Every structure is written in structure tokens, then in C-alpha cells.
Amino acid sequence: PSTLGGQHRQIMRSGVQDQPGQYVQVRASFVYIFIHLFLVLENLGQTIIPDLGSLESQHDFRTPEFEEFNGKSDSLFFNDGQRRIDFVLVYEDESRKETSKKGTNEKQRRKRQAYESNLICHGLQLEATRSVLDDKLVFVKVHAPWEVLCTYAEIMHIKLPLKPNDLKNRSSAFGTLNWFTKVLSVDESIIKPEQEFFTAPFEKNRMNDFYIVDRDAFFNPATRSRIVYFILSRVKYQLINNVSKFGINRLVNSGIYKAAFPLHDCKFRRQSEDPSCPNERYLLYREWAHPRSIYKKQPLDLIRKYYGEKIGIYFAWLGYYTQMLLLAAIVGVACFLYGYLNQDNCTWSKEVCHPDIGGKIIMCPQCDRLCPFWKLNITCESSKKLCIFDSFGTLVFAVFMGVWVTLFLEFWKRRQAELEYEWDTVELQQEEQARPEYEARCTHVVINEITQEEERIPFTAWGKCIRITLCASAVFFWILLIIASVIGIIVYRLSVFIVFSAKLPKNVNGTDPIQKYLTPQTATSITASIISFIIIMILNTIYEKVAIMITNFELPRTQTDYENSLTMKMFLFQFVNYYSSCFYIAFFKGKFVGYPGDPVYWLGKYRNEECDPGGCLLELTTQLTIIMGGKAIWNNIQEVLLPWIMNLIGRFHRVSGSEKITPRWEQDYHLQPMGKLGLFYEYLEMIIQFGFVTLFVASFPLAPLLALVNNILEIRVDAWKLTTQFRRLVPEKAQDIGAWQPIMQGIAILAVVTNAMIIAFTSDMIPRLVYYWSFSVPPYGDHTSYTMEGYINNTLSIFKVADFKNKSKGNPYSELGNHTTCRYRDFRYPPGHPQEYKHNIYYWHVIAAKLAFIIVMEHIIYSVKFFISYAIPDVSKRTKSKIQREKYLTQKLLHENHLKDMTKNMGVIAERMIEAVDNNLRPKLE
């Protein structure tokens, strides 16, 4: 009304001061104001939001009705059998607590009574029932009547059905990429397809325009629970110094309530005895979570209907990602088999293993004082394994994955656009409400630049800058902490390598299979990878709590903003935590070692570690395998065993009362709570895996296959966990996968660079190609045709033992005899040359070829990526038609019909007001 009054005064001034030609505009403005004012008053007359009611300091509390359990274990209703239970609150009766803190108990009781009284004042209906197994527990069942549902549906801008969809049944735009046949689909006779509707934001004064066949079914259980949770999160219970405390989350965290959750509709192993129960939990377990359904498609519409759009979009994304991994896994396995079948043709590996070549090449010590001279052929087995991964197939696979990740992201956008329309989340950002924690801190008054009205915000611009600075500093500190741990692992590698070099055997004994594989390099790599994994998991546990504290201090406005902010912080940390060791092995290890006569030292003490003669690619593969495998095992232990064990312990403690019939709400209470960020960790797990699959796939072509197997199990494990081990989650809206989408796009762009650099700098593919095409034949080589023979001898430089510095000259190991020279991995001139120990011409050819390869590969893949992104629209033509059709129907059914009704009812009043305006303004204008 204040806004309308301001417009009225402005128009009155315009009517007096402006020219007479603008008189028609003045009349039209008055008509508009009158119509708009009439609508507002009409809405106020129908939309009655109850007062806050009594707070904790008052005494006239309104208490819920206490009823005894009626013995119906499957009932989802109050004892009258009519009012549906939309939410359950659980508390421990203070009068029966075995504690001496009577004052504290009394304060908690009064806060709870004030809260429940205010819930009743907001129109909710409560019924309390004592626990069957533990008489100290009280379950407060919450029911939202029709009027409350309608009121808050309008406040929350919930979209509800207008009329059945008159377009043809949807056909997937991804039929060409759908590898599942109809046989693998969910049986439609068991889970019936959901009827599609055109929808619009609900308005009470236009209720007749909506498709209301049955009031009890108009709001489905998920929507009812969402509305009730919205109320529970905003109702006050205490007022101290003009600061309100409110919300069920704070009450649960403070122990006043022990739990708050919506109900599952039945047991997961059998159907409910109540004929009105839809048995959706049972259907989800049977057709989605059960191991025998592992080959079937996911019933996404039923998942969304039961758990809400946020859970549904996660499983839709995970399922689509898993489908796309099938193609990547097939190509990866083909490249792996190509390398495996051609390893016998690997000439350079044969030279390493040959007793007259690799057996006679004496390698220089790789550390000071304790490390011995060693023969090249002790790396025979690792060189054979390296031939499998460091082959031409790896190059083809790296290029393919650069294209694959773009196809996946672009086609997912299309699929996501379909789900946005089908699940009514197209305009979600416009309807999302502020978080109650944000609203509680809004104490500063500012003028909105758009509406020019006063609004409240939690802090000023200066305060916001301070918060952002502090949050960024905290995140940066933790990233530095991770880098420090990586440096610690490097120091461990350098220290332990000396020990392994001194203790492990120096000669290969063909009768001992362990000696062939357990080289100092291998032992150091495996132990360092295991320690790195343990440190990663410890830092993860600590940083999760820190990231939540930082995000809470930052105070984002909406839940989507909160999750996006937390996502970016967590992923930035996890990116450094998980991938730093891989980046070190791929791009730093063995790159800055100098040469035996002038090695490079870390911290002036530790000699920088070197790669195997075949490069660090095999070590990178080992690191990836340990981290990916260990992470998958650890996550499954956390996700499956922990909740199962906790529920098992709970059942063991309740075994004394197991013969009693327990109600639905008590059965759900003894399940495990999911937590607000439970789904966040599922996303994080998959995105970290996505990074391993794309960023370092050039070193491990089997990564997509491992990810595919893991994800097939992950879908069903997550489904089993949600339907059997956890309480039902509060349904939430979600338009897309949030900040994870730009994170994946960033990973996809970075993956092109990392894979190109792995092939160029980590593998030996480029040096081998340079040797084959340039240095195996004249003028640099002695062979008459292109060949790989002599590659090992050509790529190992010669060092004169007499040129060792004092640190390593007195080497105590002499088992391999006295030698005047040894070999090392580099491209340098031999001793006695005018430029001894300087980089030779081969080195500069290799560097030029590596840089040229990176530039060419990046430009080719980026060009293909950008072309694909441009050629594939984010929203399919079919989806656009549906959206336009819905907008047309919304305008026709709501605006035009309402305008006709309003014009019919208000025609006489509007004409009288226009006449009054004419009589008052015409003399003044004349």
C-alpha cells in the first residue's frame, strides 16, 4: 500500500504539472492503480497468515493433543484416520530425564512449548504420542490443513498442475546414445508413468484455474513435507533483547528436539496394509535399490516424486555420466589391449631386458653415499609394463577423451533442460526463498536500486568485503597446508629411496620373482602413494568442518548460494589435496635433477629424485590406481558399513521390546539421519573421480573402466542406503547440479593441457619418435633405415666416475666391479667433449618436438570442442516447444480468464471512478 500511495501522489503531481495532451495517460494510470489495489486487497482478504503467537516469555501456551498409539503400525495419519502426518518432531520428556539439571530442563521445556504453540498459531495441527519402546520419548506429529497448504504454496511460488499436457509423449533426444533396451527398463505395470501437466505458480484467488480433482491428492506428500518444513524453519520460540531465535534446525542442534523428519510411506521389504498407501518406498527398493535391479534403468520420476528434485537430479546426472562412461571404457580397454598385445614388439624394452645390452649398462647412483651402481636390466619388468601404457594407443585415447568430455557435458545440458521442464524447475531461481539464517541477520536497512524501496541486508558493503577477505584467507591457508604436506611426501620419497637403495638386492635373481618387481623406485613409489592417501583422508576430515564454518560465516542468501559457495571451497581444497601428488609425479619429478656430477638438492640437503630410465609414467599410473582404488574402498566403507552397523547396534539395544508393534514414525526415528550435506559428499566423490578419469587418463586408459564399474555399484549402493538405512530426506527443489557444472567444464578444459603435457613430458613417446625419424638414420644415426634399435644406448648419457663430487665419490658399494664410467638418463655430451655435460643436439630436437606437439594437440582438440559446443544447442527444439506451450497456456488460463472475470465484476465501479477523475482534473487542466 505504501508503494501504491507513492505512485498515486506522483501521478497527481503529473496531472497538474504536465501538458493537457497527457491527460489520457493520467486516466489510464488511475485505472491501473485501482485495479491493482483491488487485487491486493482481495489477496489480503483471502491470504491470512497467522500472527507469531506467544513466545517463550509468555504463559498461555497452546499444546498439542496427546493420544495413545492405536496399534496400526503402517498408519500415516493421526488417530482419527483423516489427517495425514506431514512431519514428525521427536523430543525427550524433561520430566522423565534422569539428570540433576532441572533448571536447564525447564528452560528447554518452555522453549519447546513456545515453539509448538506458535506452530499451532501458524495453522498447523499437532498430535503427540509417547514411544512404545521408550516412554521418555514423545513423537509430535504435524499436519498441515488445506488452507495452510494453499497459503504457503502461494508464498513459496510452488508450481502446481493447470491441465494435462496435450503434447505427444516425450521421446528422448538421446536415443542414439541409449544403450539400454526396453527389456532393461522398469516395468510400467509396476511403476506407472507419471501423468504430465502444464503447471503455474499457485495462487489462491485463482484456485478454480488449477487442476484440482481431489484435494487430498493435489499436494503430494513430498510437497506437503516441503511446505511444513518451510514453516518449521521460520517459526520463533524465543525473543532476547529484540533478537529472535527460531527454526527447527536450531532446536535440534541444541538438543531440545532429538530429531525432525518426514515419514517413509511403508516398510521397504513389504507393502503397507493400509490400502490408501502408495507403497513408493517398497517400489523404489524393489525396482531401484535391490541388487537384482542393477541392470535396469532408474525410475527417475518416482525418485523425484518421493525424494524431491534435488535427489532426482543427482541420480539423473550420475546415471547419465555412467552411460557415457561406457563408451569411454570401451575405447580405453581397446587402447590397453593394443598396448598389451604389442608389448612384445617394444624394441626399447627388449634392449633393457637383453643381457648383452641392459645387463651390461651400468647406471650411476641415484643418491649420495649409500646408493650403489646398478644394472639397467633390473628395471626389465617395469619396462615391459610401461610398454602397455606408453604406446600409440595412449595418444589416440587422450585425443578421444578430450572430445568425449565435451560430448558428455553438452548432451548433459540438453538432458538437464528436459528435466528442468518436466520437473517444473525452469524458473526456480526466481522463486527460491532466503535462508532463515540469512533472514535472522538482516539488520541493516538499504535502498534497493531497482525498486527504490527499503530492504534489510545482514551486513554493509564494507562488512561483506571483510568477510570475503577472511574467508579467502582461510581457504588459502588450508591450501598452503596441503602443499606443505606434499613437500613432506617428497622429502619422504628422497629419504626412503636412499634406504631402499641400500637394503634391496642389487642383482636380479631369476629364481626370485619378488626381486624382479621390487626395485627401489617401485618400493618408494608404492609406500609414498599409500602415505599420501592416508594424509589426504585425514586432511579431508578436518577441512570439511572448516569449510562449513567458513561458509556459515560468509552467510549466503539462499540455499543454492550456500551450496555453491561451499562447493567451490571444498572442491578447490580437494583438487589440491587429491591431485597435487599426481601433478608432482607427472610434471616435476625427474625434471630438475641436474646430472651426477652436479645434482640438484632440495632444501640444500636432499638430492632430487629421478625417474626410471623409461620415465615416470608407470609411477603416475601406480599413484592413480592406489588413490582411485583406495578412495572407492574407503567411501564404500563409510557409505555402506557405517550406517548398517549403527542401525544394527540400535536394533540390538531395542531387542527387548521387539515383540511390540511399533508405529511408522518410531521405526523411522531409529534409522540414521542423512545430514544436510549428505548429497554434497556424493557429488564431490563423483567429481573427484571425474577429474581422475579426464585429467590423467593418458597415463591410465583403464581409468574409465574402473569408474564405470564403481558407478554402477555406486548408484545401487546410494539407492539402497537412501531407501533402507536413512530417514526420509526433506524434499528440496533443484534446477540443476549447481556449481558442479562449471567445475566439470573447468576440468574438461584443463584435461586437454594435462594430457598433452603427460604425453610430451612424462612419457617417452616424443623422444622415441624423434629418435625413429631423425636420429636412427644419417646424419645423426648409423642405421640405413628407420628403426628403434639402439634407442636405449642413444638416450642414456655417459658420466665419468672420476668427476663425482666428494659426496658420492667414496661409494662403499663395489659389488659390480670397478668402472670408470656410468650412464644416466639425459641428453648431454660425454666427458672429453668440448661441451662436456652440456645438453646435446638431441635434447633441443626433443624439446622443440614436445612444444610443437602440445601446441598442435591443444589447438586441434580445443577447435573440436568449441565446434561441438556451438553445434549442439543446450535446449532441444522439443523442450523449447513445451516451454512455449506452457507459457501460452499460463497466460491464457490465468491472465486472460482472470481479466475477463475482473472486468465483468468491476466494470461499473471502474466507470464511476473514471468519471470522478474526469470531474476533478478537467477544470484544473483547462
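Heads up, the Cβ atoms here are built off N, Cα and C, so glycines get one too.
All annotation found in TrEMBL is predicted automatically rather than curated by experts.
Now, the feature entries from TrEMBL:
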DOMAIN    77-300  domain 'Anoctamin dimerisation'
DOMAIN    303-886  domain 'Anoctamin transmembrane'
TRANSMEM  314-341  transmembrane segment
TRANSMEM  392-412  transmembrane segment
TRANSMEM  475-502  transmembrane segment
TRANSMEM  522-543  transmembrane segment
TRANSMEM  570-588  transmembrane segment
TRANSMEM  686-709  transmembrane segment
TRANSMEM  743-763  transmembrane segment
TRANSMEM  841-862  transmembrane segment
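Residues 365-372, 520-521, 523-524, 527-528, 531-532, 535, 539, 543, 546-547, 550, 569, 572-573, 576-577, 580-581, 584, 602-603, 606-609 of the same chain, all 6+ positions outside the transmembrane segment (475-502), place their C-beta atoms under 8 angstroms from a C-beta of that stretch. Long-range Cβ contacts of the transmembrane segment (686-709) within its own chain (Cβ-Cβ under 8 Å, at least 6 residues beyond either end) map to 318, 321-322, 325-326, 328-329, 331-333, 335-336, 339, 389, 393-395, 397-398, 401, 405, 571, 574-575, 578-579, 582, 586, 617, 620-621, 624-625, 627-629, 631-632, 740, 743-744, 747-748, 750-751, 754-755, 758-759, 762-763. Residues 475, 478-479, 482-483, 486, 489-490, 528-529, 532, 536, 539-540, 543-544, 547, 616, 619-620, 623-624, 627, 631, 680, 684, 687-688, 691-692, 695-696, 699, 739, 743, 754, 757-758, 761-762 of the same chain lie 6+ residues outside the transmembrane segment (570-588) yet bring a C-beta within less than 8 angstroms of a C-beta in it. Taken as a whole, the domain 'Anoctamin dimerisation' (77-300) shows an average pLDDT of 84 in this prediction.
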